[in-house]
Each structure stands twice: as structure tokens, then as C-alpha cells.
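Engineer: Sharing a structure here in C-alpha cells format.
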């Protein structure tokens with residue numbers, strides 16, 4: 001009796017009016033299923049494209065039976081759509097689909113992340129056509145079971161349709177709507193003539209969605225909670241792309257699956273306020289509906305791929321060809337000059353204005369006596385070195401400001417000169433002693449081939465002096481230790497350094513007083529230390545990025561790496577081979593820099609060994625250690641940038657920028673060393689400082705809080721002030737308890753009693769530099785840019801450019817010339833940097849944002865269908881840096897025949 005009452009209640013509930021909704025299946029017929037009295041389980045023969053309405057409760061079940069003919073040549077899929085507004089999370093409706101090879105089930109309301117419930121669900125059944133190859137015209141039966149555990153009857157509505165347009169075609173787009181409870185997927189098979197395709201999705205909506213490619217097998221994972229289980233996937237907002245090789249999936253067949261996320265937090269990175277939805281609220285469901293367009297297009301062909309790779313390397317091979325042609329022509333000219341018995345005149349080599357300079361400073365051909373002005377040979381005649389300091393305008397107050405008070409009667413050179421042997425001859429080409437020039441039979445001393453012809457009228461004879469000139473008491477050999485304590489020794493006392501380095505007008509001779517060979521060993525430490533750093537740095541980096549790439553290939557999660565997916569050309573296991581390969585320019589041109597530096601070093605050393613006084617005592621002192629370090633740094637920038645682009649992301653950004661900091665720092669050190677060879681920083685201090693910079697850059701990216709910016713700004717300003725004092729006083733400045741007294745003296749002498757600073761040129765440079773750097777510090781403190789690594793790199797580049805421009809201006813202001821070859825290189829460098837930066841600022845990815853937001857900047861390939869804007873930045877920046885270093889290498893070639901006591905320091 002009780003059972004009969006329950007059945008009557010169920011029948012009465014089932015007969016209640018349920019409106020058929022047109023959004024389930026447009027034009028579908030509606031049929032009400034009526035349960036017979038006492039029937040708990042009923043099977044209903046169903047037809048496609050027809051709406052069925054019914055109700056179930058605890059202990060009852062409705063089974064719908066659909067039949068259709070399989071067609072292998074034209075695969076079809078079944079899409080089932082169900083809806084129920086009476087079901088709840090406690091008493092949901094259960095739907096189970098039984099097919100020949102699988103079962104698919106879900107519930108209504110469909111709970112997403114355990115919070116959002118959707119009372120309308122649409123699912124595409126896994127088609128059997130793709131799985132039963134070779135079977136044609138076989139009838140397939142699908143069963144849809146509806147059940148519930150609710151004590152009260154739950155109404156539902158169900159409709160099944162056959163998707164005749166289930167397969168995607170190459171080059172044709174497909175538009176459809178998706179939501180968290182209504183995912184969509186379609187099948188695609190590569191044609192025989194294609195080995196690689198690009199699958200692109202786009203949408204006008206910013207809703208967060210997931211785009212996946214999965215192999216042809218059941219089940220298909222198309223819900224938010226399981227779409228990441230198999231295949232390749234990306235999150236996206238407005239666009240995304242995946243490049244697929246035929247070898248990725250069997251027979252080149254795969255499903256393109258798209259589903260909308262319940263929230264946008266996975267795409268925006270911002271947490272959203274969670275508000276549970278009312279299953280009857282249709283407006284809530286409509287807010288998460290996204291219109292999507294999918295198109296599968298062909299990628300570049302194998303021949304285009306190989307051509308692009310070959311052209312990329314050919315561009316830099318041409319640099320080698322042109323360079324070696326120029327070197328060969330120079331060798332022919334030098335060889336012809338040697339056969340004629342005369343070295344080429346300076347003006348024949350493009351040294352404009354050299355003849356006039358040499359005429360003003362005639363050379364005594366009877367001995368190789370370098371003229372060091374107030375710091376060299378005149379010391380022998382001076383009763384006191386301090387006298388020259390006072391005659392050059394150095395006041396006693398300025399010596400006191402440096403932290404050491406000297407007496408005018410002090411003669412710091414007297415004691416040393418007493419210990420110098422004047423009888424021991426020397427064969428050291430860099431020594432300051434007398435060394436006659438070896439003459440050839442039949443050729444007078446003034447016509448020797450080492451250098452330009454000597455003037456016919458010799459200079460007036462010098463006052464009678466001893467036959468042997470003083471030589472530094474410490475004489476080293478090349479086998480001596482290269483430790484800093486050994487190679488950074490100056491035979492003068494610290495008071496002597498104060499005098500020479502704080503003169504009002506300095507010349508290179510004043511700052512080139514240390515032993516040349518040991519200074520070269522000191523600067524060679526830059527290259528050897530950098531080589532060691534590079535090996536220890538690169539090995540774990542390579543291991544890490546390979547692990548990243550394997551992780552991406554294994555999990556299929558392409559959100560791990562920030563590629564430009566609209567121009568990602570795979571090769572083997574690499575997802576974006578083009579971004580890695582485009583760094584080859586740094587490596588090849590870095591090696592070319594090393595070759596050119598070695599040639600200059602070798603040529604210079606040959607001249608020194610031959611006793612060429614112009615190579616020994618004239619022009620800018622030749623130290624090539626920093627140039628070797630720059631070449632190694634450029635090569636390593638290519639290696640590390642290539643490693644970074646294997647899988648660019650937030651965790652390994654420093655791989656791409658570390659050696660850029662080193663290149664910028666070494667460039668500034670080299671430019672400063674050019675006219676300050678004795679007082680440049682040693683390798684240990686330089687690399688330690690750069691390590692601190694890299695460490696600060698990492699901290700700034702990871703912990704870029706306002707507190708960090710406040711501390712960074714204070715430290716930055718203090719570093720600017722300390723460096724200003726160091727440069728202004730040529731290293732003769734100390735930080736101790738007497739600094740405040742010396743600052744008072746400085747203000748009183750330079751600011752209150754003088755109409756202009758003592759060192760005017762340095763003052764202008766440092767004033768402009770302080771204004772720019774203080775502005776950068778203020779910008780960082782106020783703006784707090786997200787990309788702190790690029791901000792630090794901008795500080796290096798701006799300061800390097802500032803110093804370079806200052807150097808050029810001072811060089812021209814001092815009456816020096818720039819060779820036409822160097823002028824041409826400067827123009828080419830400016831053009832290349834302009835083009836390079838224009839491509840850099842276009843930006844195709846950014847790891848400061850989420851992967852989905854980064855894809856909004858993705859762009860198609862712009863060169864040969866293979867390279868994108870960032871690849872062109874790699875090419876152009878490599879060429880730009882190569883030309884920049886050539887300019888540094890050749891900038892002072894016009895001074896090769898100018899005495900060092902006539903080359904000003906700035």
C-alpha cells in the first residue's frame with residue numbers, strides 16, 4: 001500500500017508542467033516521458049534531435065537508447081545536453097552514458113571546484129568512428145541512464161544530437177560557444193603533405209579558458225578538473241597557439257578541446273571573491289559563456305625551415321669573410337712596406353694630423369728615453385717632486401683633502417733614488433733606462449724602419465746627465481706571480497701618488513707609471529676569471545633548462561615556459577628552436593672579437609720584442625686583458641641567452657641578463673682604463689661588484705616590495721656619491737673618520753674660494769652623471785617598475801653611453817682626431833642599435849605577467865616565416881655590440897705616434 005502511494009505521488013509530480021526551452025536544441029521536438037504505475041526502470045527508444053522530459057526519484061531510473069550508423073570516412077560525434085532546475089548538491093541528478101568502449105558520467109548540478117553549480121550541462125561523447133578503423137556501416141547503440149537518490153521526484157530535460165561537422169579542416173575556421181559546464185572539442189587529422197601545423201584559438205572575450213590538444217582515444221578530458229591530465233594545454237584569454245608536429249600524435253590525429261574556467265584567477269593571477277551560484281540563476285551561467293574561433297593552419301615547410309637556419313648563420317659568416325679580407329689587405333700593404341724597407345707613414349694609414357704632432361715633439365734617435373713630463377725623467381733633475389705639484393696648480397689644501405697632509409719640503413723620491421742602481425744596463429723594452437737603438441748597416445739611426453722618418457733638424461741637446469738613467473728598483477719577470485700584491489705595485493710612496501694623480505692637468509704619462517708587463521698580467525686576470533666563472537655558471541644552467549624542457553614535454557603544461565607561441569618553431573625536444581638558435585650571433589661575433597684582439601695583441605708584442613719605441617712609449621698603453629674578457633662575455637651571453645630561451649620564465653630570467661651586466665661593466669672599465677691604466681679596478685673587485693649587482697637584481701624581482709625600493713634607493717644614492725669621489729680624486733680618496741673634515745675643506749676651497757672646480761672636466765662629467773643617476777633613483781623609488789632586472793640593465797647602459805659620449809667630446813675638445821674608419825663604425829653602430837631597440841621594445845612575451853596575459857603579446861613570425869621580433873633583436877643587438885667593441889678597440893688609433901706626455905687624461 002505504501003509503495004502504491006509513492007508511485008502515485010511520483011506520477012502526479014511527473015505530470016506537472018515543464019516548459020521546453022529552445023536553448024537546448026533549436027527546432028527539436030519535445031516529448032514527455034510518462035512512467036507507468038509500479039515501473040521503477042524503463043527503457044525508452046530515443047531519437048536524435050528530440051527533447052525528452054521526465055522525472056526520477058530514489059529507486060527509479062530512465063534509460064534512453066540511441067542508435068546510429070558509424071562512418072569511418074566521415075567521423076561523427078554525439079552531443080548530449082541535459083538540464084534540471086530542481087536538483088541540488090545534496091540530491092543531484094546522475095547521468096551515465098554507456099558506449100561500446102567506454103562510460104561517461106556526470107551530475108546535475110555540475111559542481112566546478114566544489115563551489116559553482118551549473119544546472120545545464122552539455123557533453124560530447126567520445127566518437128567510436130576514430131577507434132574502430134576498418135569498420136564501416138556498423139550500427140552503434142548508445143545508452144543514456146538518468147537516476148537520482150532524491151525522495152522527491154526531480155524533473156529533467158535531455159536532448160542528443162549528431163555533430164556532422166565534428167572534423168576540422170586545414171585553413172578553415174570553426175566558431176562555437178563554450179562554458180565551464182559546456183566544453184567543446186573537435187577532431188583533426190593532418191593531411192599527408194603536412195608534417196607540422198599550428199592550431200590557433202581566438203576570442204573577443206577576456207574570460208579565462210583552457211585550450212588542449214589530446215590524442216584520439218577515450219575518454220576525452222574536457223572539464224576544468226581533468227583537462228590537464230593528458231596532451232598539451234595552455235590557459236588563454238583572447239588568443240593562444242600550439243605548433244604540432246605529426247610525430248607528436250599517432251598518424252597526426254588529435255582532438256582540439258576548449259573549456260572555460262570557473263574563475264579568471266588562473267589567467268589574471270588575482271584572487272576573486274567566491275560567491276556560490278544559485279542553480280536557477282541563468283544569468284550566472286551566461287556570464288561564463290565564451291565565443292571561440294579555432295583554425296588549424298600549415299606551418300613552414302622543411303625547405304623553408306632549413307633555408308631560414310642557413311641564412312641565419314650565413315649572415316655572421318659574412319662578417320668573418322669581410323674581416324679576413326680587410327686583414328689580408330692590411331697584411332699585403334705591410335708586407336710591401338717591409339720589402340721596400342720603410343714602414344708606412346702614419347698619414348698613409350689614415351692618421352690625420354699625426355705629422356704635426358710629431359713635429360712638435362721631435363724624438364732623439366740616439367736613445368729610447370720616454371718623456372713622461374712631470375712624472376718621468378724630469379724627476380732626476382728636480383730637487384723635489386712637490387715643486388712640480390705646486391707649479392701645476394695643486395694646493396696644499398687639496399692634498400690635505402685626500403686624507404694625507406704633506407710638507408712642501410718633503411721629497412718622497414729622494415730616498416728611492418738613492419737606492420736605484422745607475423750602472424746596471426737593462427734589456428727591458430718597457431724600462432726607463434737607456435737603451436740604444438740597434439742600427440743597420442748603411443742606414444742612419446734617424447731612418448730606422450721602426451716608426452715614421454725622424455726630423456732632419458735634431459732637437460737642442462739636453463743638459464749633461466749621467467750615462468745611465470734611473471730604473472725602478474723592483475724588476476719582475478714574466479714568471480713572477482700574478483697576484484694583486486705583486487702586480488699592483490708602484491715604486492713611489494702614497495704621497496707621491498697624491499701629487500701625480502691630483503694635478504690640475506693630467507696626462508697619460510702620469511697614470512702609466514707602473515710596469516707594463518705586470519699591468520698586463522693584472523688585466524689578463526679579467527679574462528681568466530671570467531672563463532672560470534662562465535664554466536661554473538653555465539653547467540648547472542644547462543642542466544636546469546633541459547630539465548624544464550623535459551618537464552614541459554612530459555606534463556604538456558605549456559604555461560611553464562613563456563614562448564611566443566605564434567612563432568615557435570620546434571626542433572627535436574625544443575619547443576622554440578628559433579629563439580634559441582637566433583643567439584648564434586653573439587657566439588660567432590664574440591669569437592671574432594677574440595680573434596681580432598689576439599691579432600692586435602700579437603702584432604703589438606712583436607713590435608715590443610723588436611724594440612719599436614712607438615709601440616713601447618707612444619700612444620695609449622696597450623692592455624688587452626679587458627678586451628679578451630669582453631669577447632668571452634659576448635660568447636657567454638649567446639650561450640646563456642640560448643639557455644634562457646629553452647624555457648623562458650620567471651625562475652630563470654637572470655640567465656639572460658647576467659652577462660649583459662658583465663658586458664656593460666667591462667665596457668665602462670675598459671673605457672676608463674684607456675687613459676687610467678694604473679688606477680683601474682682589479683678583476684676580483686670588479687666581478688665581486690657585478691655579483692652584488694646580479695644578486696640585487698634577483699632580490700628586486702622576487703621581493704620587489706616598497707621596503708626593498710626604499711633600501712635600494714638609499715644604497716644606490718650612496719654608491720653614486722662614493723663613486724663620484726673615487727673618480728674625482730683619481731682613487732686618492734678614503735672613507736674614514738676624517739671624511740667630514742675633508743668635506744668641509746673641499747666646500748671651502750672649491751665652492752667658496754674658487755670661481756671654478758679644480759678638475760673642471762671631471763666635474764662636468766660627474767655633475768651630468770649624478771643628475772641622470774639621481775633621476776633614475778627617483779624614477780625607481782616612485783614608479784617601482786615591475787621588471788627590475790631591465791631597470792638595473794638600463795642603469796648600466798645609460799651610464800656607459802654617458803661616459804662614451806663624454807669620452808668622444810673630450811677627445812675632440814683636446815684636439816685629437818677620430819679616424820674615418822672609426823667614424824664609419826660609430827655611424828653603423830648607432831643605426832644598428834636604433835633598429836635593435838625598436839624590435840626589443842615591441843615585446844612578444846613578458847614573464848612579469850601570467851602565461852595567459854603574456855600570450856596577448858604574442859605575434860606572428862616577421863622574417864622568413866621563422867624568426868619573430870625578438871629573434872631580430874638577437875641578431876641586431878649582436879651586430880651592435882660587435883660594432884661597439886670595434887669602436888672601443890680602434891677609438892684611439894690616431895694616438896699611436898703621439899707621446900704619452902701629450903695625451904690628456906679625462
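Using N, Cα and C of the backbone, Cβ positions are placed for all residues, glycine too.
Feature table excerpt (TrEMBL):
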SIGNAL    1-20  signal peptide
TRANSMEM  305-329  transmembrane segment
REGION    407-481  region 'Disordered'
COMPBIAS  408-429  compositional bias 'Polar residues'
COMPBIAS  442-463  compositional bias 'Pro residues'
TRANSMEM  523-546  transmembrane segment
TRANSMEM  580-598  transmembrane segment
TRANSMEM  626-647  transmembrane segment
TRANSMEM  653-672  transmembrane segment
TRANSMEM  684-703  transmembrane segment
TRANSMEM  709-729  transmembrane segment
TRANSMEM  763-782  transmembrane segment
TRANSMEM  788-809  transmembrane segment
TRANSMEM  818-841  transmembrane segment
TRANSMEM  872-891  transmembrane segment
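Looking at the shown structure, can you explain where the listed features end up?
Structural biologist: Outside the transmembrane segment (788-809), and at least 6 residues removed from its termini, the chain residues within Cβ reach (under 8 Å) are 653-654, 657, 660-661, 664-665, 667-668, 671-672, 674, 693, 696-697, 700-701, 704, 764-765, 768-769, 772-773, 776, 780, 818, 891, 906.
Residues 312, 315-316, 319, 582-583, 585-586, 589, 592-593, 596-597, 600, 627, 630-631, 634, 638, 641, 663, 667, 670-671, 674, 807, 811, 818-819, 821-822, 825-826, 828-829, 832-833, 835-836, 839-840, 862-863 of the same chain, all 6+ positions outside the transmembrane segment (872-891), place their C-beta atoms under 8 angstroms from a C-beta of that stretch.
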Engineer: Any chance the transmembrane segment (653-672) and the transmembrane segment (523-546) are in contact, meaning at least three CB pairs closer than 8 A with a sequence separation of 6+?
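Structural biologist: Yes, the transmembrane segment (653-672) contacts the transmembrane segment (523-546).
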Engineer: Looking only at residues six or more beyond either end of the transmembrane segment (763-782), which have a C-beta under 8 A from one in the stretch?
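Structural biologist: Counting only partners 6 or more residues beyond its ends, the transmembrane segment (763-782) has Cβ contacts under 8 Å with 709-710, 712-713, 716-717, 720, 724, 727-728, 757, 791, 794-795, 798-799, 802-803, 806, 906.
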